[in-house]
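A.B. asks: Positions annotated as 5-phospho-alpha-D-ribose 1-diphosphate binding site by Swiss-Prot, on the basis of sequence analysis: GLU116, ASP117, VAL118, VAL119, THR120, THR121, GLY122, GLY123, SER124. Per Swiss-Prot, the feature orotate binding site maps to THR120, ARG148.
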Amino acid sequence: MSQDQVLDIFRNSEALLEGHFRLTSGRHSNRYVQCAQVLQHPPYTERLSRHLAALLRKGVGLPDVVIGPAMGGILVAYEVGRALGVRAIFTEREKGLMTLRRNFVVRPGETVVVCEDVVTTGGSVREVIDVATAAGGRVAAVAALVDRSNGQVDFGVPFFAALSMEVLSWPPEECPLCKEGTPAIKPGSRT
């Protein structure tokens with residue numbers, strides 16, 4: 001799939017929003033990518049995940065397990081795992097810390113791919129990497145539907161994205177939209 005084909009899916013799903021947004025990272029932005037608008041359409045989710053799976057297969061081979069952070073990474077991890085024919089699990093927050101629950105495990109020595117819907121600063125992905133590594137897993141790659149950093153985030157492993165785009169963001173104290181008096185909204189999964 002080309003970047004234009006991926007972008008068409010996001011446009012058709014009305015997932016590209018304009019306004020003033022407070023991101024999970026705490027930064028502010030004039031654009032927001034609401035992947036849930038894409039993920040509500042199983043054919044789009046399957047198509048994008050198969051694309052990510054093909055990139056992963058070519059780039060790092062077949063992992064033992066795919067793992068994504070709740071909330072946004074669950075469907076992506078599941079569909080990528082399905083396309084690769086491997087287990088798919090997810091982490092969730094417990095008392096503010098990312099953890100494996102529901103008897104999910106990463107076995108020592110397993111090769112892991114971390115999947116996410118959107119990467120901005122990479123904070124949630126790094127937490128999942130830490131969980132997988134602490135369990136004895138070897139993280140081979142990260143994959144996301146959208147890389148908002150346009151390739152600027154470094155996880156220390158190959159990073160594959162279906163769509164890479166540069167989206168401006170600022171610390172709240174430097175946000176021009178705040179200075180204009182425009183209220184910021186928090187559209188993401190962590191409010």
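Just so it is clear, glycine is given a Cβ too, placed from its N, Cα and C backbone atoms.
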A.B. asks: Please state whether DSSP places ARG148 (orotate binding site) in a helix, a strand or coil.
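C.D. replies: In three-state terms, ARG148 (orotate binding site) counts as coil.
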A.B. asks: Pick the one among the binding-site residues THR120, GLY122, SER124 whose Cβ has the fewest other Cβ atoms within 10 Å in this structure.
C.D. replies: GLY122
A.B. asks: Around the 5-phospho-alpha-D-ribose 1-diphosphate site formed by GLU116, ASP117, VAL118, VAL119, THR120, THR121, GLY122, GLY123, SER124, list the extra residues of the same chain whose Cβ is within 8 Å of the site's Cβ centroid.
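C.D. replies: These residues sit around the 5-phospho-alpha-D-ribose 1-diphosphate site: THR24, SER25, VAL125, ALA144, ARG148, VAL153.
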A.B. asks: May I ask which residues of the same chain, at least 6 positions away in sequence, place their Cβ under 8 angstroms from the Cβ of ARG148 (orotate binding site)?
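C.D. replies: Long-range Cβ contacts: VAL33, VAL118, VAL119, THR120, MET165, GLU166, VAL167, SER169.
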